[in-house]
Amino acid sequence: MTDKEKNNSSISINNDDQQQQNDNLEENKKTLVVDIDENNSINSKKLTQELTTTKENEDDPFLWPKKKKWIILSVLSCGAIIAPISSTIFYPAFLTVQEQLHTSDILVTTSAAVFLIFQGIGPLGWATYSDLKHTRRNVYLASLVLFIIASIICAVSNNIWLLIVVRCLQACGSNALHAIGPCTISDMFVPEERGNAFGIFYLFPLIGPLFGPTFGGYITQYLGWRWIFWLIAILAFIVLIFIFLFVPETYRKHKNLSPPSSDSSPPTKRKFINPLASLILFRYPNLSIVLSYISLFLSLIYIQAALIPREFNRIYHLSSSHTGLVFLSPAAGYMFGSVLGDDIINLSLIKIEPERRIHGTWLGAIIIPICYLAYGWLLEHKVPVIFPIIVMFFGGFGQLLAFNPIYTYLVDSFPTKSVWVNANLTFLRQMIAGIMSILSVPMEDSLGTGWTFSVIVFLYIIITLPVISVLFKGKQWRSKFRNDFNIEDDNIYI
(Lines of atoms letter the chains of each structure in order from A and count residues from 1; the text may use other names and numbers.)
(Lines give C-alpha, C1' and ligand atoms only; values in the text may rest on other atoms or scores of the structure.)
Protein backbone atom coordinates (compact mmCIF):
# COMPACT_ATOMS: atom_id res chain seq x y z
CA MET A 1 0.00 0.00 0.00
CA THR A 2 1.32 3.40 -0.95
CA ASP A 3 1.86 6.18 1.53
CA LYS A 4 -0.94 8.15 0.00
CA GLU A 5 -3.41 5.30 0.41
CA LYS A 6 -2.25 4.81 4.02
CA ASN A 7 -2.86 8.48 4.74
CA ASN A 8 -6.33 8.36 3.20
CA SER A 9 -7.17 5.26 5.22
CA SER A 10 -5.95 6.90 8.41
CA ILE A 11 -7.99 10.00 7.70
CA SER A 12 -11.08 7.85 7.11
CA ILE A 13 -10.59 6.03 10.42
CA ASN A 14 -10.17 9.33 12.23
CA ASN A 15 -13.35 10.64 10.63
CA ASP A 16 -15.21 7.52 11.71
CA ASP A 17 -13.91 7.95 15.26
CA GLN A 18 -14.90 11.60 15.27
CA GLN A 19 -18.38 10.70 14.02
CA GLN A 20 -18.70 8.07 16.73
CA GLN A 21 -17.69 10.60 19.36
CA ASN A 22 -20.20 13.10 17.98
CA ASP A 23 -22.91 10.44 18.08
CA ASN A 24 -22.02 9.54 21.67
CA LEU A 25 -22.01 13.19 22.65
CA GLU A 26 -25.42 13.67 21.08
CA GLU A 27 -26.80 10.65 22.93
CA ASN A 28 -25.35 11.95 26.17
CA LYS A 29 -27.01 15.31 25.55
CA LYS A 30 -30.34 13.59 24.88
CA THR A 31 -29.97 11.48 28.03
CA LEU A 32 -29.10 14.58 30.05
CA VAL A 33 -32.13 16.40 28.64
CA VAL A 34 -34.38 13.43 29.47
CA ASP A 35 -32.96 13.27 33.02
CA ILE A 36 -33.46 16.98 33.45
CA ASP A 37 -37.03 16.73 32.14
CA GLU A 38 -37.77 13.81 34.44
CA ASN A 39 -36.25 15.57 37.43
CA ASN A 40 -38.19 18.73 36.62
CA SER A 41 -41.38 16.67 36.29
CA ILE A 42 -40.78 14.91 39.60
CA ASN A 43 -39.93 18.18 41.34
CA SER A 44 -42.99 19.80 39.81
CA LYS A 45 -45.18 16.96 41.04
CA LYS A 46 -43.64 17.19 44.51
CA LEU A 47 -44.13 20.94 44.57
CA THR A 48 -47.73 20.55 43.45
CA GLN A 49 -48.33 17.92 46.12
CA GLU A 50 -46.73 20.13 48.77
CA LEU A 51 -48.82 23.12 47.73
CA THR A 52 -51.95 20.97 47.68
CA THR A 53 -51.17 19.56 51.13
CA THR A 54 -50.48 23.06 52.45
CA LYS A 55 -53.78 24.31 51.02
CA GLU A 56 -55.65 21.37 52.52
CA ASN A 57 -54.01 22.04 55.90
CA GLU A 58 -55.08 25.68 55.73
CA ASP A 59 -58.63 24.66 54.85
CA ASP A 60 -58.92 21.95 57.53
CA PRO A 61 -59.72 23.51 60.96
CA PHE A 62 -58.39 20.35 62.67
CA LEU A 63 -54.90 21.22 61.38
CA TRP A 64 -54.92 24.91 62.29
CA PRO A 65 -52.28 26.10 64.81
CA LYS A 66 -53.35 25.86 68.44
CA LYS A 67 -52.91 29.60 68.89
CA LYS A 68 -55.41 30.30 66.11
CA LYS A 69 -57.92 27.84 67.56
CA TRP A 70 -57.72 29.33 71.04
CA ILE A 71 -58.10 32.88 69.73
CA ILE A 72 -61.29 31.82 67.93
CA LEU A 73 -62.52 29.98 71.02
CA SER A 74 -61.85 33.02 73.23
CA VAL A 75 -63.72 35.39 70.90
CA LEU A 76 -66.73 33.09 70.64
CA SER A 77 -66.81 32.39 74.38
CA CYS A 78 -66.78 36.11 75.23
CA GLY A 79 -69.39 36.78 72.55
CA ALA A 80 -71.65 33.98 73.79
CA ILE A 81 -72.23 35.92 77.02
CA ILE A 82 -74.60 38.22 75.11
CA ALA A 83 -77.50 35.74 75.20
CA PRO A 84 -77.56 34.92 78.93
CA ILE A 85 -76.67 38.39 80.18
CA SER A 86 -79.34 40.04 78.03
CA SER A 87 -81.96 37.64 79.44
CA THR A 88 -81.39 38.57 83.10
CA ILE A 89 -79.99 42.11 82.99
CA PHE A 90 -83.54 43.42 82.51
CA TYR A 91 -84.92 41.92 85.76
CA PRO A 92 -84.00 44.80 88.13
CA ALA A 93 -85.70 47.29 85.80
CA PHE A 94 -89.18 45.74 86.03
CA LEU A 95 -90.64 48.28 88.45
CA THR A 96 -89.09 51.25 86.65
CA VAL A 97 -90.37 50.10 83.25
CA GLN A 98 -93.81 49.47 84.73
CA GLU A 99 -93.95 53.04 86.01
CA GLN A 100 -92.53 54.78 82.93
CA LEU A 101 -94.54 52.83 80.34
CA HIS A 102 -97.71 52.90 82.48
CA THR A 103 -98.33 49.16 82.29
CA SER A 104 -98.91 46.17 84.56
CA ASP A 105 -96.38 43.93 86.24
CA ILE A 106 -97.78 40.94 84.30
CA LEU A 107 -96.93 42.51 80.94
CA VAL A 108 -93.44 43.48 82.10
CA THR A 109 -92.86 39.92 83.31
CA THR A 110 -94.21 38.67 79.98
CA SER A 111 -91.55 40.67 78.14
CA ALA A 112 -88.91 38.67 80.00
CA ALA A 113 -90.69 35.33 79.59
CA VAL A 114 -91.12 35.62 75.82
CA PHE A 115 -87.46 36.58 75.57
CA LEU A 116 -86.46 33.24 77.10
CA ILE A 117 -88.91 31.31 74.92
CA PHE A 118 -87.75 32.93 71.67
CA GLN A 119 -84.14 32.38 72.71
CA GLY A 120 -85.02 28.72 72.41
CA ILE A 121 -86.92 29.02 69.13
CA GLY A 122 -84.39 31.21 67.26
CA PRO A 123 -81.50 28.71 67.19
CA LEU A 124 -83.68 26.15 65.39
CA GLY A 125 -83.70 28.42 62.33
CA TRP A 126 -80.04 29.40 62.68
CA ALA A 127 -78.99 25.75 62.94
CA THR A 128 -80.88 24.73 59.82
CA TYR A 129 -79.48 27.71 57.90
CA SER A 130 -75.94 26.86 59.06
CA ASP A 131 -76.15 23.29 57.76
CA LEU A 132 -78.00 24.20 54.58
CA LYS A 133 -75.62 26.99 53.57
CA HIS A 134 -72.49 25.35 55.00
CA THR A 135 -71.53 28.31 57.17
CA ARG A 136 -70.93 29.26 60.78
CA ARG A 137 -69.37 32.69 60.36
CA ASN A 138 -72.25 34.19 58.36
CA VAL A 139 -74.73 33.03 61.01
CA TYR A 140 -72.77 34.85 63.71
CA LEU A 141 -72.59 38.07 61.71
CA ALA A 142 -76.26 38.08 60.61
CA SER A 143 -77.58 37.28 64.08
CA LEU A 144 -75.53 40.02 65.73
CA VAL A 145 -76.78 42.60 63.23
CA LEU A 146 -80.37 41.56 64.06
CA PHE A 147 -79.63 41.76 67.78
CA ILE A 148 -78.09 45.24 67.53
CA ILE A 149 -81.01 46.65 65.53
CA ALA A 150 -83.58 45.13 67.91
CA SER A 151 -81.70 46.42 70.98
CA ILE A 152 -81.70 49.97 69.61
CA ILE A 153 -85.46 49.79 69.01
CA CYS A 154 -85.95 48.47 72.58
CA ALA A 155 -83.97 51.43 73.90
CA VAL A 156 -86.31 53.96 72.25
CA SER A 157 -89.58 52.06 72.87
CA ASN A 158 -92.39 54.06 74.48
CA ASN A 159 -94.97 51.27 74.35
CA ILE A 160 -94.95 47.95 76.24
CA TRP A 161 -96.37 46.05 73.26
CA LEU A 162 -93.62 47.31 70.97
CA LEU A 163 -91.10 46.35 73.64
CA ILE A 164 -92.52 42.81 73.86
CA VAL A 165 -92.49 42.29 70.08
CA VAL A 166 -88.97 43.66 69.61
CA ARG A 167 -87.70 41.64 72.58
CA CYS A 168 -88.77 38.54 70.63
CA LEU A 169 -86.61 39.62 67.68
CA GLN A 170 -83.79 40.52 70.03
CA ALA A 171 -83.94 37.05 71.56
CA CYS A 172 -83.72 35.39 68.14
CA GLY A 173 -80.59 37.37 67.34
CA SER A 174 -78.97 36.91 70.72
CA ASN A 175 -78.57 33.14 70.87
CA ALA A 176 -76.88 32.15 67.60
CA LEU A 177 -73.40 32.47 69.13
CA HIS A 178 -74.47 30.40 72.10
CA ALA A 179 -76.15 27.79 69.90
CA ILE A 180 -73.71 27.48 66.97
CA GLY A 181 -70.50 28.16 68.90
CA PRO A 182 -70.10 24.54 70.12
CA CYS A 183 -70.32 23.43 66.49
CA THR A 184 -67.30 25.60 65.69
CA ILE A 185 -65.51 23.84 68.54
CA SER A 186 -66.39 20.48 66.97
CA ASP A 187 -65.06 21.77 63.66
CA MET A 188 -61.67 22.68 65.15
CA PHE A 189 -60.92 20.31 68.04
CA VAL A 190 -60.45 16.55 67.97
CA PRO A 191 -62.59 14.51 70.41
CA GLU A 192 -59.87 14.26 73.09
CA GLU A 193 -59.61 18.08 73.26
CA ARG A 194 -63.29 18.93 73.22
CA GLY A 195 -64.07 18.42 76.91
CA ASN A 196 -61.76 21.23 78.00
CA ALA A 197 -62.74 23.43 75.03
CA PHE A 198 -66.45 23.10 75.87
CA GLY A 199 -65.74 23.93 79.50
CA ILE A 200 -63.98 27.15 78.53
CA PHE A 201 -66.62 28.07 75.95
CA TYR A 202 -69.51 27.68 78.41
CA LEU A 203 -67.78 29.59 81.20
CA PHE A 204 -69.05 33.03 80.13
CA PRO A 205 -72.53 31.90 78.99
CA LEU A 206 -73.12 30.20 82.35
CA ILE A 207 -71.99 33.13 84.50
CA GLY A 208 -73.88 35.61 82.32
CA PRO A 209 -77.27 35.07 84.00
CA LEU A 210 -75.64 35.70 87.37
CA PHE A 211 -73.80 38.90 86.47
CA GLY A 212 -76.75 40.24 84.47
CA PRO A 213 -78.91 41.34 87.44
CA THR A 214 -75.88 42.95 89.12
CA PHE A 215 -75.13 45.10 86.11
CA GLY A 216 -78.81 45.75 85.43
CA GLY A 217 -79.42 47.07 88.94
CA TYR A 218 -76.59 49.60 88.79
CA ILE A 219 -77.42 50.67 85.23
CA THR A 220 -81.10 51.18 86.06
CA GLN A 221 -80.31 53.11 89.21
CA TYR A 222 -77.66 55.46 87.79
CA LEU A 223 -78.32 55.66 84.02
CA GLY A 224 -81.92 54.55 83.48
CA TRP A 225 -83.40 51.32 82.11
CA ARG A 226 -83.01 52.37 78.46
CA TRP A 227 -79.24 52.34 78.85
CA ILE A 228 -79.44 48.60 79.45
CA PHE A 229 -80.28 48.15 75.78
CA TRP A 230 -77.85 50.80 74.55
CA LEU A 231 -74.95 49.14 76.38
CA ILE A 232 -75.72 45.57 75.25
CA ALA A 233 -76.04 46.92 71.68
CA ILE A 234 -72.55 48.42 72.02
CA LEU A 235 -71.27 45.12 73.45
CA ALA A 236 -72.76 43.21 70.50
CA PHE A 237 -71.18 45.65 68.04
CA ILE A 238 -67.73 45.07 69.59
CA VAL A 239 -68.24 41.29 69.35
CA LEU A 240 -69.34 41.72 65.73
CA ILE A 241 -66.06 43.49 64.91
CA PHE A 242 -63.95 40.82 66.62
CA ILE A 243 -65.74 37.99 64.84
CA PHE A 244 -65.37 39.76 61.50
CA LEU A 245 -61.61 40.14 62.08
CA PHE A 246 -60.62 36.96 63.92
CA VAL A 247 -63.17 34.19 63.24
CA PRO A 248 -62.87 32.57 59.79
CA GLU A 249 -65.27 30.02 58.35
CA THR A 250 -64.85 26.66 60.12
CA TYR A 251 -67.62 24.58 58.58
CA ARG A 252 -66.26 21.13 57.73
CA LYS A 253 -67.74 19.17 54.82
CA HIS A 254 -67.64 15.62 56.09
CA LYS A 255 -65.97 13.35 53.57
CA ASN A 256 -67.07 10.21 55.39
CA LEU A 257 -70.70 10.59 54.42
CA SER A 258 -71.84 8.26 51.69
CA PRO A 259 -73.53 10.04 48.78
CA PRO A 260 -77.17 9.26 48.08
CA SER A 261 -77.53 6.38 45.63
CA SER A 262 -79.02 7.47 42.34
CA ASP A 263 -78.50 6.40 38.74
CA SER A 264 -79.22 9.79 37.31
CA SER A 265 -78.60 13.21 38.72
CA PRO A 266 -81.89 15.07 39.07
CA PRO A 267 -81.98 18.79 38.42
CA THR A 268 -80.95 20.87 41.40
CA LYS A 269 -83.92 22.16 43.34
CA ARG A 270 -83.90 25.18 45.52
CA LYS A 271 -83.75 24.21 49.18
CA PHE A 272 -86.01 25.94 51.67
CA ILE A 273 -85.05 26.43 55.28
CA ASN A 274 -87.18 24.34 57.63
CA PRO A 275 -86.55 25.74 61.13
CA LEU A 276 -88.00 22.59 62.71
CA ALA A 277 -85.69 20.20 60.87
CA SER A 278 -83.39 19.71 63.86
CA LEU A 279 -86.26 18.44 66.03
CA ILE A 280 -86.13 15.14 64.15
CA LEU A 281 -83.21 14.15 66.40
CA PHE A 282 -85.58 13.87 69.38
CA ARG A 283 -86.70 10.49 68.03
CA TYR A 284 -83.38 9.07 69.22
CA PRO A 285 -83.75 8.21 72.93
CA ASN A 286 -80.14 8.92 73.86
CA LEU A 287 -80.55 12.54 72.69
CA SER A 288 -83.99 13.17 74.22
CA ILE A 289 -82.98 11.63 77.58
CA VAL A 290 -79.67 13.48 77.86
CA LEU A 291 -81.08 16.82 76.66
CA SER A 292 -83.89 16.65 79.21
CA TYR A 293 -81.34 16.00 81.95
CA ILE A 294 -79.05 18.86 80.89
CA SER A 295 -81.88 21.32 80.34
CA LEU A 296 -83.34 20.80 83.80
CA PHE A 297 -80.15 21.31 85.79
CA LEU A 298 -79.11 24.30 83.65
CA SER A 299 -82.52 25.90 84.26
CA LEU A 300 -81.57 26.10 87.95
CA ILE A 301 -79.40 29.07 86.96
CA TYR A 302 -82.47 31.06 85.90
CA ILE A 303 -84.50 29.98 88.92
CA GLN A 304 -81.76 31.28 91.20
CA ALA A 305 -81.52 34.51 89.21
CA ALA A 306 -85.27 35.07 89.64
CA LEU A 307 -85.40 34.26 93.37
CA ILE A 308 -82.13 35.58 94.79
CA PRO A 309 -83.08 39.30 94.79
CA ARG A 310 -86.39 38.81 96.63
CA GLU A 311 -85.09 36.15 99.06
CA PHE A 312 -81.90 37.90 100.14
CA ASN A 313 -83.70 41.21 100.45
CA ARG A 314 -86.56 39.69 102.48
CA ILE A 315 -84.45 37.49 104.77
CA TYR A 316 -81.15 39.37 105.09
CA HIS A 317 -82.33 42.89 104.13
CA LEU A 318 -79.59 43.33 101.56
CA SER A 319 -79.64 46.33 99.22
CA SER A 320 -79.76 45.91 95.46
CA SER A 321 -76.02 46.42 95.09
CA HIS A 322 -75.18 43.98 97.91
CA THR A 323 -77.64 41.43 96.55
CA GLY A 324 -75.82 41.65 93.22
CA LEU A 325 -72.63 40.57 94.96
CA VAL A 326 -74.34 37.34 96.04
CA PHE A 327 -74.42 36.28 92.39
CA LEU A 328 -70.62 36.14 92.41
CA SER A 329 -70.68 32.96 94.51
CA PRO A 330 -72.23 30.59 91.92
CA ALA A 331 -70.31 32.45 89.20
CA ALA A 332 -67.06 31.56 90.97
CA GLY A 333 -68.29 27.96 91.18
CA TYR A 334 -68.83 27.87 87.43
CA MET A 335 -65.38 29.29 86.83
CA PHE A 336 -63.66 26.69 89.01
CA GLY A 337 -65.79 23.95 87.50
CA SER A 338 -64.79 25.04 84.03
CA VAL A 339 -61.07 25.28 84.78
CA LEU A 340 -60.63 22.32 87.14
CA GLY A 341 -63.45 20.05 86.09
CA ASP A 342 -61.63 18.52 83.14
CA ASP A 343 -58.61 17.63 85.29
CA ILE A 344 -60.72 16.09 88.03
CA ILE A 345 -62.73 13.94 85.64
CA ASN A 346 -59.63 13.25 83.51
CA LEU A 347 -61.58 13.47 80.29
CA SER A 348 -58.42 13.27 78.22
CA LEU A 349 -58.34 9.51 78.91
CA ILE A 350 -61.89 8.98 77.69
CA LYS A 351 -61.64 8.22 73.99
CA ILE A 352 -63.47 6.45 71.19
CA GLU A 353 -66.58 5.15 73.03
CA PRO A 354 -68.85 8.14 73.69
CA GLU A 355 -70.79 6.27 76.43
CA ARG A 356 -67.64 6.23 78.56
CA ARG A 357 -67.85 10.02 78.79
CA ILE A 358 -71.10 9.73 80.76
CA HIS A 359 -69.14 8.35 83.75
CA GLY A 360 -67.55 11.79 84.05
CA THR A 361 -70.90 13.40 84.88
CA TRP A 362 -71.76 11.40 88.02
CA LEU A 363 -69.73 13.46 90.50
CA GLY A 364 -71.48 16.64 89.42
CA ALA A 365 -74.83 14.83 89.25
CA ILE A 366 -74.49 13.97 92.96
CA ILE A 367 -73.31 17.44 94.03
CA ILE A 368 -76.20 19.28 92.30
CA PRO A 369 -79.20 17.87 94.24
CA ILE A 370 -77.37 17.97 97.59
CA CYS A 371 -76.42 21.64 97.17
CA TYR A 372 -79.76 22.90 95.89
CA LEU A 373 -81.73 20.97 98.51
CA ALA A 374 -79.48 22.40 101.21
CA TYR A 375 -79.77 25.88 99.66
CA GLY A 376 -83.55 25.88 99.83
CA TRP A 377 -83.78 24.70 103.43
CA LEU A 378 -80.96 26.97 104.63
CA LEU A 379 -82.92 29.95 103.37
CA GLU A 380 -86.11 28.50 104.84
CA HIS A 381 -84.50 28.41 108.30
CA LYS A 382 -82.85 31.82 107.84
CA VAL A 383 -79.34 30.70 108.78
CA PRO A 384 -76.43 33.20 108.55
CA VAL A 385 -75.96 34.44 105.00
CA ILE A 386 -72.51 32.89 104.57
CA PHE A 387 -73.91 29.33 104.53
CA PRO A 388 -76.26 29.62 101.54
CA ILE A 389 -73.53 31.56 99.71
CA ILE A 390 -71.07 28.69 100.23
CA VAL A 391 -73.66 26.14 99.07
CA MET A 392 -74.32 28.24 95.95
CA PHE A 393 -70.62 28.04 95.08
CA PHE A 394 -70.56 24.25 95.20
CA GLY A 395 -73.86 24.06 93.33
CA GLY A 396 -72.37 26.02 90.45
CA PHE A 397 -69.22 23.91 90.60
CA GLY A 398 -71.29 20.72 90.36
CA GLN A 399 -73.23 21.97 87.35
CA LEU A 400 -70.06 22.47 85.31
CA LEU A 401 -68.72 19.07 86.39
CA ALA A 402 -71.93 17.44 85.21
CA PHE A 403 -72.25 19.45 82.01
CA ASN A 404 -68.89 19.12 80.25
CA PRO A 405 -68.71 15.32 79.79
CA ILE A 406 -72.40 14.75 79.09
CA TYR A 407 -72.53 17.45 76.43
CA THR A 408 -69.34 16.14 74.82
CA TYR A 409 -71.06 12.73 74.67
CA LEU A 410 -73.85 14.24 72.56
CA VAL A 411 -71.45 15.88 70.13
CA ASP A 412 -69.52 12.64 69.69
CA SER A 413 -72.69 10.57 69.30
CA PHE A 414 -74.21 12.70 66.54
CA PRO A 415 -71.36 13.47 64.11
CA THR A 416 -72.18 15.95 61.33
CA LYS A 417 -75.24 17.10 63.33
CA SER A 418 -73.61 18.92 66.23
CA VAL A 419 -75.30 22.15 65.16
CA TRP A 420 -78.70 20.46 65.42
CA VAL A 421 -77.80 18.94 68.78
CA ASN A 422 -76.95 22.33 70.26
CA ALA A 423 -80.01 24.00 68.71
CA ASN A 424 -82.22 21.37 70.34
CA LEU A 425 -80.43 21.83 73.66
CA THR A 426 -80.94 25.59 73.51
CA PHE A 427 -84.60 25.15 72.53
CA LEU A 428 -85.43 22.71 75.34
CA ARG A 429 -83.35 24.51 77.97
CA GLN A 430 -84.93 27.90 77.26
CA MET A 431 -88.43 26.43 77.22
CA ILE A 432 -87.90 24.83 80.64
CA ALA A 433 -86.09 27.90 82.00
CA GLY A 434 -88.86 30.23 80.83
CA ILE A 435 -91.65 28.12 82.29
CA MET A 436 -89.87 27.43 85.58
CA SER A 437 -88.87 31.09 86.01
CA ILE A 438 -92.53 32.07 85.74
CA LEU A 439 -93.67 29.30 88.11
CA SER A 440 -90.89 29.69 90.69
CA VAL A 441 -92.28 32.85 92.30
CA PRO A 442 -95.85 31.56 92.86
CA MET A 443 -94.44 28.18 93.96
CA GLU A 444 -92.27 29.86 96.56
CA ASP A 445 -95.17 32.00 97.76
CA SER A 446 -97.38 28.93 98.23
CA LEU A 447 -94.89 26.22 99.30
CA GLY A 448 -92.00 28.16 100.81
CA THR A 449 -88.37 28.21 99.70
CA GLY A 450 -87.44 24.82 101.17
CA TRP A 451 -90.26 22.85 99.58
CA THR A 452 -89.89 24.70 96.27
CA PHE A 453 -86.34 23.49 95.89
CA SER A 454 -87.33 20.05 97.21
CA VAL A 455 -89.81 19.69 94.34
CA ILE A 456 -87.20 20.85 91.81
CA VAL A 457 -84.59 18.41 93.17
CA PHE A 458 -87.16 15.58 93.04
CA LEU A 459 -87.82 16.35 89.35
CA TYR A 460 -84.07 16.42 88.77
CA ILE A 461 -83.60 12.94 90.28
CA ILE A 462 -86.49 11.52 88.22
CA ILE A 463 -84.96 12.86 84.98
CA THR A 464 -81.43 11.74 85.95
CA LEU A 465 -82.31 8.04 86.35
CA PRO A 466 -82.99 7.36 82.62
CA VAL A 467 -79.46 8.58 81.82
CA ILE A 468 -78.24 5.24 83.23
CA SER A 469 -80.02 3.45 80.37
CA VAL A 470 -77.90 5.41 77.87
CA LEU A 471 -74.81 3.63 79.24
CA PHE A 472 -76.23 0.27 78.16
CA LYS A 473 -78.24 1.11 75.03
CA GLY A 474 -76.44 4.20 73.79
CA LYS A 475 -74.34 2.30 71.24
CA GLN A 476 -77.47 0.72 69.73
CA TRP A 477 -79.18 4.11 69.44
CA ARG A 478 -76.04 5.66 67.93
CA SER A 479 -75.92 2.90 65.32
CA LYS A 480 -79.50 3.64 64.32
CA PHE A 481 -78.63 7.31 63.84
CA ARG A 482 -75.60 6.44 61.68
CA ASN A 483 -77.67 4.11 59.53
CA ASP A 484 -80.43 6.70 59.10
CA PHE A 485 -77.96 9.39 58.02
CA ASN A 486 -75.64 7.11 55.99
CA ILE A 487 -72.59 7.65 58.18
CA GLU A 488 -70.29 4.79 57.25
CA ASP A 489 -67.26 5.12 59.54
CA ASP A 490 -68.20 4.17 63.10
CA ASN A 491 -64.96 5.56 64.54
CA ILE A 492 -65.45 9.23 63.69
CA TYR A 493 -66.67 11.74 66.21
CA ILE A 494 -66.56 15.02 64.31
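Cβ atoms here come from the backbone N, Cα and C positions, even for glycine.
These come from TrEMBL:
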- 8-23: compositional bias 'Low complexity' (COMPBIAS)
- 72-475: domain 'Major facilitator superfamily (MFS) profile' (DOMAIN)
- 1-27: region 'Disordered' (REGION)
- 70-94: transmembrane segment (TRANSMEM)
- 106-127: transmembrane segment (TRANSMEM)
- 139-158: transmembrane segment (TRANSMEM)
- 197-215: transmembrane segment (TRANSMEM)
- 227-247: transmembrane segment (TRANSMEM)
- 287-307: transmembrane segment (TRANSMEM)
- 327-349: transmembrane segment (TRANSMEM)
- 361-379: transmembrane segment (TRANSMEM)
- 385-407: transmembrane segment (TRANSMEM)
- 419-439: transmembrane segment (TRANSMEM)
- 451-472: transmembrane segment (TRANSMEM)
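Sequence-distant residue pairs (6 or more apart) of the transmembrane segment (451-472) and the transmembrane segment (106-127) include fewer than 3 whose Cβ atoms are under 8 Å, leaving the two stretches without contact. Listed as Cβ neighbours of the transmembrane segment (385-407) (distance under 8 Å, sequence separation of 6 or more from its ends, same chain) are residues 182, 195, 198-199, 202, 206, 290, 293-294, 297-298, 300-301, 304, 312, 316, 318, 326, 329-334, 336-338, 341-342, 344-345, 347, 350, 357-361, 363-368, 371-372, 374-375, 378-379, 425, 467. Here the domain 'Major facilitator superfamily (MFS) profile' (72-475) has a mean pLDDT of 83 out of 100. Remote same-chain partners of the transmembrane segment (106-127), defined as residues 6 or more beyond its termini with a Cβ less than 8 Å from a stretch Cβ, comprise 83, 86-87, 90-91, 94, 97-98, 139, 143, 160, 163-164, 167-176, 178-180, 273, 275-279, 302, 419-420, 422-424, 426-431, 433-434, 437-438.
Within the same chain, residues 71-72, 75-76, 78-79, 82, 85-86, 89-90, 93, 137, 140-141, 144-145, 147-148, 151-152, 154-155, 177, 184, 216, 219-220 sit at least 6 positions outside the transmembrane segment (227-247) and bring their C-beta atoms closer than 8 Å to a C-beta of that stretch.
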